[in-house]
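Undergrad: TrEMBL feature annotations, pasted as is:
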type: BINDING; residues: 132, 209; note: Ca(2+) 1 binding site
type: DOMAIN; residues: 226-274; note: domain 'Fibronectin type-II'
type: DISULFID; residues: 231-257; note: disulfide bond
type: DISULFID; residues: 245-272; note: disulfide bond
type: DOMAIN; residues: 284-332; note: domain 'Fibronectin type-II'
type: DISULFID; residues: 289-315; note: disulfide bond
type: DISULFID; residues: 303-330; note: disulfide bond
type: DOMAIN; residues: 342-390; note: domain 'Fibronectin type-II'
type: DISULFID; residues: 347-373; note: disulfide bond
type: DISULFID; residues: 361-388; note: disulfide bond
type: ACT_SITE; residues: 402; note: active site
type: REGION; residues: 450-471; note: region 'Disordered'
type: MOD_RES; residues: 563; note: phosphotyrosine
């Protein structure tokens with residue numbers, strides 16, 4: 001990869017020794033904890049390419065610098081960061097956050113073809129489940145995630161148990177049959193495809209993630225005084241607070257939890273899922289593990305990944321696999337660790353570390369503050385350990401986001417919006433207005449289509465009512481010799497070419513001759529001589545003209561209103577709109593320099609989340625077009 005513009009390569013981490021060192025001030029070098037030395041520059045280039053900010057490989061030192069700086073600025077704008085064009089600390093930290101796998105640029109733009117379902121009853125089917133959440137609970141989460149969108153649109157969602165559905169939902173790992181492989185824990189969480197046939201519309205969730213219903217793990221109990229209830233974390237047992245399933249108080253070593261906040265008072269509990277209760281898949285019909293068991297002549301006292309290429313933990317369901325060949329896949333425990341020397345095993349509480357007993361995860365012995373636990377009763381003896389599970393990823397929030405893509409939405413630049421690309425947990429979720437505007441742009445609102453534009457509007461009182469003196473038309477002027485027109489647009493099925501107070505008309509179908517020149521002041525008396533850009537809103541027959549830092553709205557020769565750019569919500573830096581492109585109902589893109597804004601024709605205000613870079617929405621077009629218009633269904637930039 002080329003990245004000459006970025007010279008200093010910081011490291012994500014430093015390698016540590018693969019073995020024990022003598023403790024110095026209680027600092028321990030943990031075995032197996034090897035961190036890859038990954039350069040920040042390589043991480044940045046990979047991120048920018050993966051999410052659409054770098055289109056192709058650049059060649060040459062100058063072009064590389066320009067490309068990467070622009071790409072970084074695009075990414076920084078998308079994420080709401082300061083646009084430095086440099087790989088600074090906030091940018092690097094943003095790149096390391098868990099997020100949606102859908103590219104931010106080009107691939108999922110609702111305005112590039114506007115992919116949407118052509119029917120209002122959308123079907124979905126859940127193909128498989130994560131082991132982290134009970135299947136019945138997952139069904140409810142998925143239904144609730146769809147309800148987020150049906151609450152604000154005319155859409156309905158129907159679940160199918162068989163056959164093909166519009167949206168096929170599955171939990172996948174790594175390479176799974178589409179061009180976007182998953183990357184393990186805490187990177188890309190999920191991705192979805194825009195509406196269409198085949199894989200289009202489908203949503204995939206990374207099964208390597210730890211999926212939850214809230215901040216922490218979701219653990220369903222199986223028997224006890226409150227069987228089938230969900231564990232309540234944290235809970236109190238004999239005056240001590242616990243945040244995971246425990247084995248204290250049981251002679252059979254089965255993990256359990258309280259299902260209320262206080263076991264001491266309520267006596268409500270259930271047994272957590274464990275390999276001592278059941279297994280999955282395999283050939284033992286769900287029988288529990290038997291410990292110890294013999295495999296290839298070796299004795300195992302816990303689940304193992306030995307001899308499995310998929311990394312799944314398994315066990316024998318008899319005392320000797322070598323003779324009986326019976327096995328099953330071990331269920332995930334809520335206390336399953338990552339990394340260390342015991343990947344996938346459960347924390348063992350209490351455990352001994354340097355002669356001291358621990359009843360919960362600890363950061364003792366570590367300089368990075370990460371929580372860890374032993375997976376046997378004595379770390380001092382066995383040196384078996386791993387990092388304690390993190391809070392996990394809220395399935396509801398990620399599903400609602402991905403289903404937005406399945407319905408045709410792009411990523412939002414509004415940080416509080418559901419469609420913002422980065423994941424963050426929200427306690428009391430509600431759709432941002434930006435999400436609502438986007439989905440209703442595609443499908444309308446709950447009660448019916450958006451109201452049409454009012455036929456009467458109060459003009460801006462600051463606009464002079466003095467009629468412009470008609471300019472003299474030069475009939476000998478040949479428009480074919482004009483190098484650059486002020487504006488080009490289609491009005492009433494005629495292409496209009498504006499230049500210096502005059503305009504010419506050519507039938508859009510190209511089956512008639514050229515007409516003109518005509519005087520702008522005679523056709524639209526209130527307009528200035530120079531028109532920077534224009535368009536017609538066909539449903540309302542209103543015409544929109546931009547000149548300098550103002551917008552005029554006309555119907556026929558009458559002015560319906562005039563607005564300063566400040567009134568529209570454009571910044572003072574915008575002194576001219578070079579192009580205007582209507583996309584869908586009541587929305588229009590405004591072009592100025594390398595930026596683009598979206599104007600709502602109903603509210604006469606710029607939508608939240610703008611500006612964006614032009615090439616973030618229209619990749620491959622010039623960064624600074626002199627005009628933009630739509631002709632015969634195609635977008636023209638020049």
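Cβ atoms are placed via backbone N, Cα and C, with glycine included.
Show me how these features fit into the structure around them.
TA: Under the DSSP three-state reduction, residue 132 (Ca(2+) 1 binding site) is assigned to coil, being neither helix nor strand. With a 10 A radius on its CB, residue 132 (Ca(2+) 1 binding site) counts 24 other CB atoms from all the protein chains.
DSSP assigns residue 289 (disulfide bond) to coil in the three-state reduction, placing it in neither a helix nor a strand. Just so you know, the Cβ of residue 289 (disulfide bond) picks up 26 other Cβ atoms within 10 Å once every protein chain is counted.
The number of other Cβ atoms within 10 Å of the Cβ belonging to residue 303 (disulfide bond), over all protein chains shown, comes to 24.
Other C-beta atoms found within 10 angstroms of the C-beta of residue 373 (disulfide bond) number 28, with every protein chain shown included.
According to its DSSP assignment, residue 361 (disulfide bond) is coil. Non-local contacts of residue 361 (disulfide bond) by the CB criterion (under 8 A, 6+ apart in sequence, same chain) comprise 347, 371, 372, 373, 388.
Counting every protein chain shown, the number of other Cβ atoms lying within 10 Å of the Cβ of residue 402 (active site) is 25.
For the recorded site, residue 563 (phosphotyrosine), the DSSP three-state label reads strand.
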Undergrad: List the Cα distance (Å, whole number) between residue 257 (disulfide bond) and residue 303 (disulfide bond).
TA: 22
Undergrad: Which of the recorded positions 132, 303, 330, 563 has its Cα closest in space to the Cα of residue 245 (disulfide bond)?
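TA: Considering only the listed recorded positions, the nearest one is 132.
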Undergrad: Give the distance between the Cα atoms of residue 563 (phosphotyrosine) and residue 402 (active site), rounded to the nearest whole Å.
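TA: The Cα atom of residue 563 (phosphotyrosine) is 38 Å away from the Cα atom of residue 402 (active site).
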Undergrad: When you measure from the Cβ of residue 330 (disulfide bond), how many other Cβ atoms are you left with inside 10 Å?
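TA: Taking every protein chain into account, the count is 29.
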Undergrad: Average the per-residue pLDDT over the domain 'Fibronectin type-II' (342-390) and send me the rounded value.
TA: 83
Undergrad: Can you tell me which of the recorded positions 289, 315, 402 is spatially closest to residue 209 (Ca(2+) 1 binding site)? Compare CA atoms only.
TA: 402
Undergrad: Determine the minimum-neighbour residue: among 231, 245, 257, 315, 388, listed as disulfide-bonded residues, which Cβ has the fewest other Cβ atoms within 10 angstroms?
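TA: Fewest other Cβ atoms within 10 Å, among the disulfide-bonded residues 231, 245, 257, 315, 388, is found for 388.
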Undergrad: Reported as an integer number of Å, what is the Cα distance between residue 303 (disulfide bond) and residue 289 (disulfide bond)?
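TA: Each residue's Cα considered, residue 303 (disulfide bond) and residue 289 (disulfide bond) end up 8 Å apart.
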